[in-house]
Amino acid sequence: MTFSVPPNVLYMLFCFVLMDLINTITVLIFPTLAATINEMNNHTLKSHYGIQPTDANIAILNSMITTSATVGMVFSLFFIMPIAETKGRKLAVTYFRFIITLVCSFCQLLSALTQATELFILGQILNGLQIPLRAFVTLMYITECAPDKYRGTFRLVQDTKDCEKISGFASSAVIFSDVIGQLIMFSVGSPSALGKQNTWFIFPLVVIISSIVNFGMAARLPESPKWLVRQNRLEEATQAIEFYQGDSCNLNDVLTSYIKEKNLTQEDKISFRQVWENDTMREALKVLCSVSLFLILDSGAVQGTYTILLHTTAGYTVQETMNIKLILTILFFPTRFIGTYLLDALGRRPVMAIAGVIVYSKTWLMLITQIIIYFVGPSLLTKILYLGVEALSNSTFATGVASLGILFISELFPPSARTTVAQALIMVTMIIDLPLIASFPIVYAIFGPGYFFIHIFTQVFFGTYLYRHMPETKGRAVYDIIEAMDQDVASRTATFIEEKTPLIRKRSATLAFKRNSILNTSRTRALSFDHRLIPSKFEIC
(Lines of atoms letter the chains of each structure in order from A and count residues from 1; the text may use other names and numbers.)
(Lines give C-alpha, C1' and ligand atoms only; values in the text may rest on other atoms or scores of the structure.)
Protein backbone atom coordinates (compact mmCIF):
# COMPACT_ATOMS: atom_id res chain seq x y z
CA MET A 1 0.00 0.00 0.00
CA THR A 2 1.13 3.53 -0.74
CA PHE A 3 0.05 6.84 0.74
CA SER A 4 -0.90 8.27 -2.66
CA VAL A 5 -2.02 11.79 -1.86
CA PRO A 6 -1.18 14.43 -4.49
CA PRO A 7 1.55 16.75 -3.19
CA ASN A 8 -0.54 19.88 -3.77
CA VAL A 9 -3.37 18.41 -1.71
CA LEU A 10 -0.95 17.89 1.16
CA TYR A 11 0.33 21.43 0.66
CA MET A 12 -3.21 22.86 0.81
CA LEU A 13 -3.93 20.88 3.95
CA PHE A 14 -0.76 22.16 5.61
CA CYS A 15 -1.65 25.77 4.76
CA PHE A 16 -5.09 25.55 6.32
CA VAL A 17 -3.96 23.57 9.37
CA LEU A 18 -1.44 26.35 10.01
CA MET A 19 -4.08 29.03 9.39
CA ASP A 20 -6.50 27.42 11.85
CA LEU A 21 -3.71 26.87 14.37
CA ILE A 22 -2.95 30.60 14.30
CA ASN A 23 -6.64 31.38 14.81
CA THR A 24 -6.92 28.80 17.61
CA ILE A 25 -4.24 30.61 19.59
CA THR A 26 -6.20 33.89 19.45
CA VAL A 27 -9.39 32.07 20.49
CA LEU A 28 -7.75 30.26 23.43
CA ILE A 29 -6.14 33.36 24.94
CA PHE A 30 -9.17 34.19 27.11
CA PRO A 31 -10.02 30.65 28.37
CA THR A 32 -6.36 29.88 29.04
CA LEU A 33 -5.31 33.22 30.56
CA ALA A 34 -8.50 33.84 32.54
CA ALA A 35 -6.66 34.93 35.71
CA THR A 36 -4.36 37.28 33.78
CA ILE A 37 -7.30 38.78 31.86
CA ASN A 38 -9.04 39.41 35.21
CA GLU A 39 -6.02 41.42 36.35
CA MET A 40 -6.33 43.48 33.16
CA ASN A 41 -10.03 43.97 33.90
CA ASN A 42 -9.20 45.24 37.38
CA HIS A 43 -6.71 47.73 35.93
CA THR A 44 -9.21 48.90 33.29
CA LEU A 45 -11.98 49.54 35.83
CA LYS A 46 -9.68 51.43 38.19
CA SER A 47 -7.61 53.44 35.71
CA HIS A 48 -10.11 54.12 32.93
CA TYR A 49 -13.40 54.49 34.79
CA GLY A 50 -12.48 55.02 38.44
CA ILE A 51 -14.61 52.04 39.48
CA GLN A 52 -13.59 49.78 42.33
CA PRO A 53 -13.48 46.21 40.98
CA THR A 54 -15.99 43.75 42.44
CA ASP A 55 -16.98 40.22 41.54
CA ALA A 56 -20.14 41.57 39.89
CA ASN A 57 -18.56 44.10 37.52
CA ILE A 58 -15.65 41.76 36.72
CA ALA A 59 -18.24 39.13 35.79
CA ILE A 60 -19.94 41.69 33.53
CA LEU A 61 -16.66 42.40 31.74
CA ASN A 62 -15.98 38.68 31.31
CA SER A 63 -19.49 38.22 29.93
CA MET A 64 -18.85 41.03 27.44
CA ILE A 65 -15.63 39.32 26.36
CA THR A 66 -17.29 35.94 25.84
CA THR A 67 -20.29 37.33 23.94
CA SER A 68 -18.55 40.05 21.90
CA ALA A 69 -17.46 37.53 19.26
CA THR A 70 -21.15 37.05 18.46
CA VAL A 71 -21.35 40.61 17.13
CA GLY A 72 -18.59 39.89 14.64
CA MET A 73 -20.07 36.51 13.77
CA VAL A 74 -23.47 38.02 12.89
CA PHE A 75 -21.85 40.70 10.72
CA SER A 76 -19.69 38.12 8.95
CA LEU A 77 -22.65 35.81 8.46
CA PHE A 78 -24.61 38.33 6.40
CA PHE A 79 -21.96 40.56 4.84
CA ILE A 80 -18.66 38.66 4.51
CA MET A 81 -19.67 35.04 4.05
CA PRO A 82 -21.84 35.72 0.94
CA ILE A 83 -18.70 37.07 -0.76
CA ALA A 84 -17.44 33.48 -0.90
CA GLU A 85 -20.43 32.73 -3.11
CA THR A 86 -20.13 35.72 -5.43
CA LYS A 87 -16.37 36.40 -5.54
CA GLY A 88 -14.93 32.97 -4.74
CA ARG A 89 -13.77 30.80 -1.87
CA LYS A 90 -10.15 31.88 -2.13
CA LEU A 91 -10.89 35.58 -1.56
CA ALA A 92 -12.88 34.89 1.60
CA VAL A 93 -10.58 32.21 3.03
CA THR A 94 -7.11 33.39 2.08
CA TYR A 95 -7.34 37.17 1.91
CA PHE A 96 -10.16 38.06 4.32
CA ARG A 97 -9.04 35.66 7.04
CA PHE A 98 -5.49 37.01 6.81
CA ILE A 99 -6.65 40.63 7.24
CA ILE A 100 -8.99 39.74 10.11
CA THR A 101 -6.30 37.75 11.94
CA LEU A 102 -3.77 40.54 11.52
CA VAL A 103 -6.06 43.27 12.90
CA CYS A 104 -7.44 41.05 15.69
CA SER A 105 -4.00 40.03 16.96
CA PHE A 106 -2.84 43.66 16.74
CA CYS A 107 -5.72 44.67 19.05
CA GLN A 108 -4.79 41.89 21.48
CA LEU A 109 -1.16 42.99 21.39
CA LEU A 110 -2.10 46.60 22.22
CA SER A 111 -4.42 45.45 25.01
CA ALA A 112 -1.57 43.43 26.54
CA LEU A 113 0.85 46.35 26.36
CA THR A 114 -1.60 49.01 27.59
CA GLN A 115 -3.69 46.77 29.91
CA ALA A 116 -6.89 47.95 28.19
CA THR A 117 -9.86 45.56 28.19
CA GLU A 118 -11.63 47.69 25.57
CA LEU A 119 -9.02 46.76 22.97
CA PHE A 120 -9.28 43.09 23.92
CA ILE A 121 -13.06 43.20 23.44
CA LEU A 122 -12.56 44.84 20.04
CA GLY A 123 -10.18 42.02 19.16
CA GLN A 124 -12.82 39.50 20.20
CA ILE A 125 -15.38 41.14 17.93
CA LEU A 126 -12.93 40.94 15.03
CA ASN A 127 -12.17 37.34 15.93
CA GLY A 128 -15.89 36.62 15.63
CA LEU A 129 -15.70 37.63 11.97
CA GLN A 130 -13.63 34.50 11.37
CA ILE A 131 -16.07 32.03 12.91
CA PRO A 132 -18.33 31.54 9.84
CA LEU A 133 -15.32 31.67 7.51
CA ARG A 134 -13.46 29.07 9.55
CA ALA A 135 -16.41 26.84 10.41
CA PHE A 136 -17.91 26.72 6.94
CA VAL A 137 -16.18 28.50 4.05
CA THR A 138 -12.69 27.10 4.70
CA LEU A 139 -13.96 23.55 5.08
CA MET A 140 -16.22 23.93 2.05
CA TYR A 141 -13.18 25.12 0.07
CA ILE A 142 -11.33 21.97 1.14
CA THR A 143 -14.14 19.52 0.39
CA GLU A 144 -14.77 21.10 -3.03
CA CYS A 145 -11.12 20.62 -3.97
CA ALA A 146 -10.97 17.01 -2.69
CA PRO A 147 -11.99 14.01 -4.85
CA ASP A 148 -15.63 13.04 -4.28
CA LYS A 149 -14.99 9.50 -3.08
CA TYR A 150 -12.87 10.43 -0.08
CA ARG A 151 -14.06 13.74 1.30
CA GLY A 152 -13.69 12.43 4.85
CA THR A 153 -10.11 11.32 5.37
CA PHE A 154 -6.65 10.46 4.22
CA ARG A 155 -6.53 6.82 3.18
CA LEU A 156 -4.09 4.15 2.11
CA VAL A 157 -4.94 2.84 -1.34
CA GLN A 158 -3.36 0.60 -3.92
CA ASP A 159 -4.94 1.90 -7.14
CA THR A 160 -3.72 5.32 -8.22
CA LYS A 161 -4.85 5.25 -11.84
CA ASP A 162 -8.29 6.72 -11.32
CA CYS A 163 -8.71 10.09 -9.63
CA GLU A 164 -11.86 8.91 -7.91
CA LYS A 165 -9.78 6.28 -6.10
CA ILE A 166 -7.01 8.64 -5.00
CA SER A 167 -6.83 9.01 -1.27
CA GLY A 168 -8.03 12.44 -0.32
CA PHE A 169 -8.56 14.48 2.71
CA ALA A 170 -11.57 16.08 4.21
CA SER A 171 -12.56 18.59 6.76
CA SER A 172 -11.72 16.43 9.77
CA ALA A 173 -8.00 16.77 9.08
CA VAL A 174 -8.15 20.51 9.77
CA ILE A 175 -9.34 19.94 13.35
CA PHE A 176 -5.77 18.87 14.17
CA SER A 177 -5.10 22.60 14.52
CA ASP A 178 -7.33 22.70 17.61
CA VAL A 179 -5.29 20.01 19.31
CA ILE A 180 -1.96 21.60 18.41
CA GLY A 181 -3.25 24.98 19.59
CA GLN A 182 -4.28 23.47 22.92
CA LEU A 183 -0.89 21.82 23.29
CA ILE A 184 0.80 25.19 22.82
CA MET A 185 -1.50 27.22 25.06
CA PHE A 186 -1.78 24.70 27.90
CA SER A 187 1.98 24.12 27.96
CA VAL A 188 3.28 27.70 27.79
CA GLY A 189 0.17 29.68 28.79
CA SER A 190 0.19 28.72 32.46
CA PRO A 191 0.96 31.39 35.11
CA SER A 192 4.36 29.76 35.68
CA ALA A 193 5.37 30.25 32.01
CA LEU A 194 4.20 32.96 29.56
CA GLY A 195 0.75 33.44 31.05
CA LYS A 196 1.83 36.32 33.29
CA GLN A 197 0.64 39.90 32.97
CA ASN A 198 3.91 41.20 31.53
CA THR A 199 4.60 38.31 29.13
CA TRP A 200 1.32 37.26 27.47
CA PHE A 201 1.81 39.87 24.72
CA ILE A 202 4.10 37.26 23.12
CA PHE A 203 1.08 35.24 21.93
CA PRO A 204 -0.49 37.93 19.67
CA LEU A 205 2.98 38.94 18.49
CA VAL A 206 3.71 35.39 17.34
CA VAL A 207 0.30 35.28 15.65
CA ILE A 208 1.07 38.43 13.64
CA ILE A 209 4.37 37.06 12.36
CA SER A 210 2.95 33.58 11.64
CA SER A 211 -0.08 34.92 9.77
CA ILE A 212 2.14 36.89 7.39
CA VAL A 213 4.16 33.75 6.61
CA ASN A 214 0.98 31.69 6.21
CA PHE A 215 -0.54 34.21 3.81
CA GLY A 216 2.53 34.00 1.58
CA MET A 217 2.11 30.22 1.45
CA ALA A 218 -1.68 30.09 0.85
CA ALA A 219 -1.79 32.83 -1.80
CA ARG A 220 -0.59 30.42 -4.52
CA LEU A 221 -3.52 28.01 -4.09
CA PRO A 222 -6.02 28.04 -7.01
CA GLU A 223 -9.73 28.73 -6.66
CA SER A 224 -12.19 25.90 -5.93
CA PRO A 225 -12.82 23.97 -9.19
CA LYS A 226 -16.48 23.43 -8.29
CA TRP A 227 -17.00 27.17 -7.81
CA LEU A 228 -15.26 27.82 -11.12
CA VAL A 229 -17.59 25.34 -12.86
CA ARG A 230 -20.58 27.20 -11.42
CA GLN A 231 -19.20 30.39 -12.98
CA ASN A 232 -18.77 28.56 -16.33
CA ARG A 233 -15.01 29.13 -16.17
CA LEU A 234 -14.27 25.60 -17.33
CA GLU A 235 -10.70 26.19 -18.48
CA GLU A 236 -9.69 27.54 -15.07
CA ALA A 237 -11.62 24.71 -13.41
CA THR A 238 -9.66 22.17 -15.44
CA GLN A 239 -6.38 23.75 -14.34
CA ALA A 240 -7.53 23.71 -10.69
CA ILE A 241 -8.49 20.02 -10.93
CA GLU A 242 -5.07 19.20 -12.35
CA PHE A 243 -3.40 21.18 -9.56
CA TYR A 244 -5.29 19.50 -6.70
CA GLN A 245 -5.86 15.98 -8.03
CA GLY A 246 -2.79 15.39 -10.17
CA ASP A 247 -2.23 14.45 -13.79
CA SER A 248 -3.34 10.84 -13.28
CA CYS A 249 -7.01 11.65 -12.70
CA ASN A 250 -9.62 11.39 -15.45
CA LEU A 251 -10.34 15.07 -16.12
CA ASN A 252 -13.41 14.41 -18.26
CA ASP A 253 -15.08 12.25 -15.62
CA VAL A 254 -14.32 14.70 -12.80
CA LEU A 255 -15.47 17.71 -14.81
CA THR A 256 -18.64 15.91 -15.89
CA SER A 257 -19.41 15.06 -12.26
CA TYR A 258 -18.98 18.70 -11.24
CA ILE A 259 -21.21 19.89 -14.09
CA LYS A 260 -23.92 17.40 -13.07
CA GLU A 261 -23.65 18.69 -9.51
CA LYS A 262 -24.01 22.27 -10.73
CA ASN A 263 -27.03 21.36 -12.87
CA LEU A 264 -28.94 19.93 -9.91
CA THR A 265 -30.68 23.31 -9.84
CA GLN A 266 -31.21 25.86 -12.59
CA GLU A 267 -30.90 28.81 -10.22
CA ASP A 268 -27.46 30.02 -9.14
CA LYS A 269 -28.58 30.83 -5.58
CA ILE A 270 -31.50 29.34 -3.68
CA SER A 271 -33.20 31.15 -0.79
CA PHE A 272 -33.94 29.52 2.53
CA ARG A 273 -37.66 29.60 1.74
CA GLN A 274 -37.04 27.59 -1.44
CA VAL A 275 -34.94 25.11 0.52
CA TRP A 276 -37.67 24.65 3.10
CA GLU A 277 -40.47 24.30 0.53
CA ASN A 278 -38.63 21.52 -1.29
CA ASP A 279 -39.33 18.09 0.24
CA THR A 280 -35.86 16.65 -0.37
CA MET A 281 -33.85 19.63 0.84
CA ARG A 282 -36.15 20.10 3.83
CA GLU A 283 -35.44 16.51 4.84
CA ALA A 284 -31.70 17.10 4.41
CA LEU A 285 -31.97 20.28 6.50
CA LYS A 286 -33.67 18.37 9.31
CA VAL A 287 -30.87 15.81 9.33
CA LEU A 288 -28.21 18.53 9.34
CA CYS A 289 -29.86 20.48 12.17
CA SER A 290 -30.36 17.31 14.21
CA VAL A 291 -26.64 16.47 13.98
CA SER A 292 -25.68 19.99 15.02
CA LEU A 293 -28.22 20.29 17.84
CA PHE A 294 -27.30 16.88 19.22
CA LEU A 295 -23.71 18.08 19.59
CA ILE A 296 -24.58 21.64 20.68
CA LEU A 297 -27.02 20.65 23.43
CA ASP A 298 -24.15 19.17 25.39
CA SER A 299 -21.74 20.55 27.97
CA GLY A 300 -18.89 20.85 25.43
CA ALA A 301 -19.23 24.60 24.77
CA VAL A 302 -19.48 25.35 28.49
CA GLN A 303 -16.47 23.15 29.22
CA GLY A 304 -14.41 25.11 26.71
CA THR A 305 -15.50 28.57 27.85
CA TYR A 306 -15.61 28.00 31.60
CA THR A 307 -12.98 25.28 31.91
CA ILE A 308 -11.20 26.93 34.86
CA LEU A 309 -14.46 27.43 36.79
CA LEU A 310 -15.65 23.85 36.30
CA HIS A 311 -12.29 22.36 37.27
CA THR A 312 -11.88 24.51 40.40
CA THR A 313 -15.45 23.69 41.45
CA ALA A 314 -14.59 20.01 41.19
CA GLY A 315 -11.59 20.56 43.49
CA TYR A 316 -8.66 21.31 41.19
CA THR A 317 -6.37 24.35 41.37
CA VAL A 318 -5.72 26.55 38.33
CA GLN A 319 -2.26 25.06 37.79
CA GLU A 320 -3.63 21.51 38.16
CA THR A 321 -6.29 22.37 35.60
CA MET A 322 -3.70 23.52 33.07
CA ASN A 323 -1.61 20.40 33.67
CA ILE A 324 -4.60 18.09 33.26
CA LYS A 325 -5.70 19.77 30.04
CA LEU A 326 -2.17 19.49 28.66
CA ILE A 327 -1.80 15.80 29.60
CA LEU A 328 -5.22 14.86 28.13
CA THR A 329 -4.49 16.78 24.94
CA ILE A 330 -1.19 14.93 24.50
CA LEU A 331 -2.74 11.54 25.28
CA PHE A 332 -5.67 11.96 22.88
CA PHE A 333 -3.74 13.65 20.09
CA PRO A 334 -3.03 10.35 18.24
CA THR A 335 -6.75 9.51 18.31
CA ARG A 336 -7.48 12.46 15.99
CA PHE A 337 -5.84 10.45 13.22
CA ILE A 338 -8.33 7.65 13.90
CA GLY A 339 -11.21 10.10 13.49
CA THR A 340 -10.02 11.18 10.05
CA TYR A 341 -10.01 7.53 8.96
CA LEU A 342 -13.31 6.39 10.49
CA LEU A 343 -15.54 8.70 8.45
CA ASP A 344 -14.68 6.88 5.23
CA ALA A 345 -13.73 3.49 6.67
CA LEU A 346 -16.95 2.97 8.65
CA GLY A 347 -19.30 5.57 7.19
CA ARG A 348 -21.26 8.52 8.52
CA ARG A 349 -23.96 6.55 10.36
CA PRO A 350 -21.61 4.28 12.38
CA VAL A 351 -19.47 7.28 13.34
CA MET A 352 -22.54 9.19 14.52
CA ALA A 353 -23.70 6.13 16.51
CA ILE A 354 -20.34 5.72 18.26
CA ALA A 355 -20.10 9.45 19.01
CA GLY A 356 -23.70 9.49 20.24
CA VAL A 357 -23.01 6.79 22.83
CA ILE A 358 -19.90 8.64 24.05
CA VAL A 359 -21.64 12.03 24.22
CA TYR A 360 -24.68 10.66 26.06
CA SER A 361 -22.45 8.81 28.54
CA LYS A 362 -20.56 12.04 29.17
CA THR A 363 -23.84 13.90 29.72
CA TRP A 364 -24.89 11.49 32.47
CA LEU A 365 -21.44 11.50 34.06
CA MET A 366 -21.38 15.33 34.10
CA LEU A 367 -24.82 15.44 35.72
CA ILE A 368 -23.83 12.92 38.41
CA THR A 369 -20.61 14.86 39.10
CA GLN A 370 -22.45 18.17 39.48
CA ILE A 371 -25.07 16.62 41.79
CA ILE A 372 -22.33 15.30 44.11
CA ILE A 373 -20.52 18.68 44.05
CA TYR A 374 -23.73 20.56 44.87
CA PHE A 375 -24.96 18.36 47.72
CA VAL A 376 -21.67 16.98 49.13
CA GLY A 377 -18.92 19.32 47.91
CA PRO A 378 -15.66 18.81 46.00
CA SER A 379 -13.61 15.76 46.88
CA LEU A 380 -11.30 13.18 45.40
CA LEU A 381 -14.37 11.46 43.94
CA THR A 382 -15.51 14.59 42.08
CA LYS A 383 -11.98 15.07 40.75
CA ILE A 384 -11.95 11.53 39.36
CA LEU A 385 -15.46 11.86 37.91
CA TYR A 386 -14.68 15.17 36.22
CA LEU A 387 -11.49 13.69 34.83
CA GLY A 388 -13.74 11.04 33.26
CA VAL A 389 -15.91 13.80 31.76
CA GLU A 390 -12.84 15.38 30.17
CA ALA A 391 -11.66 12.02 28.84
CA LEU A 392 -15.03 11.34 27.22
CA SER A 393 -15.03 14.84 25.68
CA ASN A 394 -11.70 14.13 24.01
CA SER A 395 -12.92 10.68 22.93
CA THR A 396 -15.84 12.29 21.07
CA PHE A 397 -13.51 14.21 18.78
CA ALA A 398 -11.57 11.00 18.13
CA THR A 399 -14.58 9.70 16.15
CA GLY A 400 -14.41 12.53 13.60
CA VAL A 401 -18.03 13.50 14.30
CA ALA A 402 -17.11 17.20 14.43
CA SER A 403 -16.77 17.13 10.63
CA LEU A 404 -20.23 15.73 9.90
CA GLY A 405 -21.86 19.16 9.73
CA ILE A 406 -19.71 20.55 6.92
CA LEU A 407 -19.69 17.17 5.15
CA PHE A 408 -23.49 17.04 5.09
CA ILE A 409 -23.72 20.61 3.81
CA SER A 410 -21.45 19.60 0.94
CA GLU A 411 -23.07 16.20 0.35
CA LEU A 412 -26.82 16.68 0.89
CA PHE A 413 -27.35 20.03 -0.83
CA PRO A 414 -26.70 21.34 -4.36
CA PRO A 415 -24.04 24.07 -4.68
CA SER A 416 -26.62 26.83 -5.08
CA ALA A 417 -28.09 26.07 -1.65
CA ARG A 418 -24.96 25.54 0.45
CA THR A 419 -24.26 29.11 1.52
CA THR A 420 -27.92 29.67 2.40
CA VAL A 421 -28.04 26.45 4.41
CA ALA A 422 -24.78 27.27 6.19
CA GLN A 423 -26.04 30.74 7.12
CA ALA A 424 -29.24 29.25 8.52
CA LEU A 425 -27.33 26.57 10.45
CA ILE A 426 -24.90 29.06 11.98
CA MET A 427 -27.80 31.35 12.93
CA VAL A 428 -29.70 28.51 14.60
CA THR A 429 -26.53 27.42 16.38
CA MET A 430 -25.87 30.96 17.59
CA ILE A 431 -29.46 31.52 18.77
CA ILE A 432 -29.34 28.33 20.84
CA ASP A 433 -25.70 28.33 21.93
CA LEU A 434 -25.33 31.97 23.00
CA PRO A 435 -28.10 32.00 25.65
CA LEU A 436 -26.84 28.67 26.99
CA ILE A 437 -23.30 30.00 27.45
CA ALA A 438 -24.41 33.43 28.73
CA SER A 439 -26.86 31.97 31.25
CA PHE A 440 -24.49 29.31 32.56
CA PRO A 441 -22.83 31.40 35.35
CA ILE A 442 -26.24 32.49 36.67
CA VAL A 443 -27.85 29.04 36.59
CA TYR A 444 -24.70 27.37 37.89
CA ALA A 445 -24.53 29.75 40.86
CA ILE A 446 -28.16 29.00 41.80
CA PHE A 447 -28.34 25.26 41.16
CA GLY A 448 -25.39 23.73 39.31
CA PRO A 449 -26.91 20.37 38.28
CA GLY A 450 -30.02 22.08 36.87
CA TYR A 451 -28.14 23.36 33.85
CA PHE A 452 -27.26 19.83 32.69
CA PHE A 453 -30.72 18.22 32.99
CA ILE A 454 -31.93 19.50 29.61
CA HIS A 455 -29.17 17.65 27.76
CA ILE A 456 -30.47 14.28 28.94
CA PHE A 457 -33.77 14.71 27.06
CA THR A 458 -32.69 16.67 23.97
CA GLN A 459 -30.02 14.15 23.03
CA VAL A 460 -32.52 11.28 23.18
CA PHE A 461 -34.88 13.19 20.87
CA PHE A 462 -32.31 14.16 18.24
CA GLY A 463 -30.46 10.84 18.50
CA THR A 464 -33.66 8.92 17.76
CA TYR A 465 -34.43 11.10 14.75
CA LEU A 466 -30.94 10.60 13.32
CA TYR A 467 -31.18 6.83 13.79
CA ARG A 468 -34.33 6.80 11.66
CA HIS A 469 -33.54 9.34 8.95
CA MET A 470 -29.78 9.98 8.66
CA PRO A 471 -28.53 8.78 5.22
CA GLU A 472 -25.22 7.08 4.50
CA THR A 473 -23.14 9.18 2.07
CA LYS A 474 -19.74 7.51 2.28
CA GLY A 475 -17.75 7.49 -0.95
CA ARG A 476 -20.55 8.69 -3.23
CA ALA A 477 -20.70 11.57 -5.68
CA VAL A 478 -22.89 14.48 -4.55
CA TYR A 479 -25.16 14.13 -7.57
CA ASP A 480 -25.86 10.46 -6.75
CA ILE A 481 -26.50 11.23 -3.05
CA ILE A 482 -29.09 13.92 -3.77
CA GLU A 483 -30.68 11.81 -6.53
CA ALA A 484 -31.09 8.84 -4.16
CA MET A 485 -32.40 11.03 -1.33
CA ASP A 486 -34.89 12.62 -3.71
CA GLN A 487 -36.18 9.17 -4.67
CA ASP A 488 -36.42 8.10 -1.03
CA VAL A 489 -38.35 11.19 0.03
CA ALA A 490 -40.63 10.82 -3.00
CA SER A 491 -41.45 7.20 -2.11
CA ARG A 492 -42.40 8.15 1.45
CA THR A 493 -44.45 11.12 0.23
CA ALA A 494 -46.20 9.01 -2.40
CA THR A 495 -47.15 6.39 0.18
CA PHE A 496 -48.63 9.05 2.45
CA ILE A 497 -50.60 10.67 -0.40
CA GLU A 498 -51.96 7.32 -1.59
CA GLU A 499 -53.26 6.61 1.89
CA LYS A 500 -54.88 10.02 2.32
CA THR A 501 -56.20 10.97 -1.15
CA PRO A 502 -58.81 9.44 -3.50
CA LEU A 503 -57.94 7.66 -6.73
CA ILE A 504 -58.48 10.71 -8.93
CA ARG A 505 -56.22 13.54 -7.84
CA LYS A 506 -56.94 17.17 -8.48
CA ARG A 507 -54.88 18.81 -11.17
CA SER A 508 -54.03 21.68 -8.79
CA ALA A 509 -52.40 19.24 -6.38
CA THR A 510 -50.28 17.83 -9.19
CA LEU A 511 -49.13 21.30 -10.21
CA ALA A 512 -48.33 22.16 -6.60
CA PHE A 513 -46.23 19.02 -6.35
CA LYS A 514 -44.34 20.06 -9.50
CA ARG A 515 -43.66 23.51 -8.12
CA ASN A 516 -42.33 21.92 -4.95
CA SER A 517 -39.46 20.35 -6.90
CA ILE A 518 -36.73 22.81 -7.86
CA LEU A 519 -34.14 20.03 -8.00
CA ASN A 520 -33.13 18.86 -11.45
CA THR A 521 -33.17 15.09 -10.77
CA SER A 522 -34.56 12.23 -12.83
CA ARG A 523 -37.73 12.13 -10.72
CA THR A 524 -38.45 15.85 -11.01
CA ARG A 525 -37.73 15.83 -14.73
CA ALA A 526 -40.34 13.08 -15.11
CA LEU A 527 -42.83 15.02 -13.00
CA SER A 528 -42.25 18.16 -15.05
CA PHE A 529 -43.00 16.41 -18.35
CA ASP A 530 -46.15 17.71 -19.97
CA HIS A 531 -48.25 14.56 -20.60
CA ARG A 532 -50.57 16.50 -22.92
CA LEU A 533 -47.81 16.25 -25.53
CA ILE A 534 -48.35 12.48 -25.73
CA PRO A 535 -50.81 11.77 -28.54
CA SER A 536 -53.91 9.76 -27.72
CA LYS A 537 -54.55 6.34 -29.25
CA PHE A 538 -57.07 7.83 -31.62
CA GLU A 539 -54.56 10.38 -32.87
CA ILE A 540 -52.03 7.63 -33.42
CA CYS A 541 -54.48 5.74 -35.53
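Each Cβ is built from the backbone N, Cα and C atoms, and glycine gets one as well.
Positions annotated as domain 'Major facilitator superfamily (MFS) profile' by TrEMBL: 9-474. Here TrEMBL flags 9-37, 57-80, 92-113, 119-142, 166-188, 200-221, 287-306, 326-344, 351-376, 396-413, 425-444, 450-467 as transmembrane segment.
Contact between the transmembrane segment (351-376) and the transmembrane segment (119-142) is not supported, since fewer than 3 Cβ pairs fall under 8 Å when only residues 6 or more apart in sequence are counted. Residues of the same chain lying 6 or more positions beyond the ends of the transmembrane segment (9-37) and with a Cβ under 8 Å from any Cβ of it are 62, 65-66, 93, 97, 101, 104-105, 108, 117, 120, 123-124, 127, 130, 134, 138, 142, 145-146, 168-169, 173-174, 176-178, 180-182, 184-186, 189, 191, 195-197, 200, 203-204, 206-207, 210-211, 214, 217-218, 221, 244-245, 304-305, 307-308, 318, 322. Nonlocal intrachain contacts for the transmembrane segment (119-142), taken as residues 6+ away from its ends with a CB within less than 8 angstroms of a stretch CB, comprise 12-13, 16, 19-20, 23, 26-27, 30, 37, 40, 64-65, 68-77, 80-81, 84, 89-90, 92-93, 96-97, 100-101, 103-108, 110-111, 169-171, 174, 224, 403, 406, 409-410, 418, 422-423, 426. Away from its own ends, the transmembrane segment (396-413) comes close to residues 135-136, 139-140, 143-144, 151-153, 170-172, 175, 178, 275, 281, 284, 287-288, 291-292, 295, 300, 332, 335-336, 338-343, 348, 351-352, 354-355, 358-359, 362, 421-422, 425, 471, 473, 476, 478, 481-482, 485 of its chain (Cβ-Cβ under 8 Å, at least six residues beyond either end). Between the transmembrane segment (287-306) and the transmembrane segment (425-444), three or more CB pairs separated by 6 or more residues in sequence fall under 8 Å, so the two stretches touch.
Most Cβ pairs under 8 A with the transmembrane segment (450-467) among the ranges 57-80, 200-221, 425-444 are made by 425-444. Counting residues 6+ beyond its ends, the transmembrane segment (57-80) has Cβ neighbours under 8 Å at 30, 34, 37-38, 41-42, 44-45, 51, 92, 96, 117, 120-121, 124-133, 305, 423, 426-427, 430, 434, 437-438, 441 in the same chain.
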